[in-house]
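Each remark here refers to the structure printed beneath this line.
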Amino acid sequence: QGEPVRVLVTGAAGQIAYSLLYSIAKGDVFGKEQPLVLVLLDITPMMTVLEGVVMELQDCALPLLREVVPTDKEEVAFKDLDVAILVGSMPRREGMERKDLLKANVKIFKSQGAALDKYAKKTVKVVVVGNPANTNCLIASKSAPSIPKENFSCLTRLDHNRAKSQIALKLGVTANDVKNVIIWGNHSSTQYPDVNHAKVNVKGKEVGVYEAIKDDSWLKGDFILTVQQRGAAVIKARKLSSAMSAAKAICDHVRDIWFGTPAGEFVSMGVISDGNSYGVPEDLLYSFPVVIKDKTWKFVEGLPINDFSREKMDLTAKELAEEKETAVEFLSSA
């Protein structure tokens, strides 16, 4: 069984973590043989709630879970980590401008980036979930100069899964029959869910999604809007944001980093844009199609981009550049 993997989850008393911790602890992410130490970080007022979460994890009687470490201190939380899943962030309150949200989060992710730099392993894989995820991830990476930029990614797998599932529902197939959808850009309503390169297995034959669905106006209209605005739709219905589906997407994302992507398939991840061949400006944390092998991701290269896609990809890049500019201003004063 070997050495335990040391995994941090921040915002550990929150509702995404409540679904996430059980899945990780029972072996869905790092495999059924891999022992784990779970480190749970939250803010001081949440420590009593966190004690309850620890009790529940103990009461699950999970064979892989060697230790659970609840803490409100960064120097404890970030020590010797193999994986950091940064779920905790300042949520957007009513009447709050995006700028206010960015300002509050720059502070958090600057501090957590610095703690990663100081205490974590240099090989640590960092996944940012807390919104605005792309920009929070960029700030954390900039605040951890000794950890390779490629080790930082942000979650767009939930959007990717949403896109897959919408196609599957439309065609009456399972989500597993759909592959190679792409989420380009920001985890926001400007993201571009792209199915130009996606394939679907219909009655044992693999065909392009456009060919299978034969409804271009739906694919260019309602489909895109549904995926872009799904988070808001869940909040409207549930009065709470996506938690179960977010936790599942985090598991998918981290498992793919750990074990690699299946042959012939790619996934969407927010990663540093440096060296991409799709005309996305450098130094942005932008969602691309990637393949992963040996815990290392690479851009999927050579996909033809039509004018419709180009416009949407540029739009979300522009939003990310503006967010970055605002965040970097705050960074110098944070």
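Placed from the backbone N, Cα and C atoms, the Cβ positions cover glycine too.
Unlike curated entries, TrEMBL annotations are predicted automatically.
Now, the feature entries from TrEMBL:
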DOMAIN    5-152  domain 'Lactate/malate dehydrogenase N-terminal'
BINDING   ASP42, ASN105, VAL129, GLY130, ASN131  NAD(+) binding site
BINDING   ARG92, ARG98, ASN131, ARG162  substrate binding site
DOMAIN    156-330  domain 'Lactate/malate dehydrogenase C-terminal'
ACT_SITE  HIS187  active site, proton acceptor
For the domain 'Lactate/malate dehydrogenase C-terminal' (156-330), provide the mean pLDDT of the predicted model.
97
Mind tallying the domain 'Lactate/malate dehydrogenase N-terminal' (5-152) by DSSP state, helix then strand then coil?
66 helix, 28 strand, 54 coil
Going along the chain, which residues six or more apart from VAL129 (NAD(+) binding site) have their CB under 8 A from its CB?
ILE16, ILE85, LEU86, VAL87, SER89, CYS154, LEU155, ALA246, ILE250
So among the recorded positions ARG98, ARG162, HIS187, who's got the most Cβ atoms within 10 Å?
HIS187
Would you say which of the binding-site residues ASN105, ASN131 has the most Cβ atoms within 10 Å of its own Cβ?
ASN105
Measure the Cβ-based neighbour count of ARG92 (substrate binding site), defined as the other Cβ atoms within 10 Å of its Cβ.
16
How many neighbouring Cβ atoms, not counting its own, are there within 10 Å of the Cβ of ASP42 (NAD(+) binding site)?
23
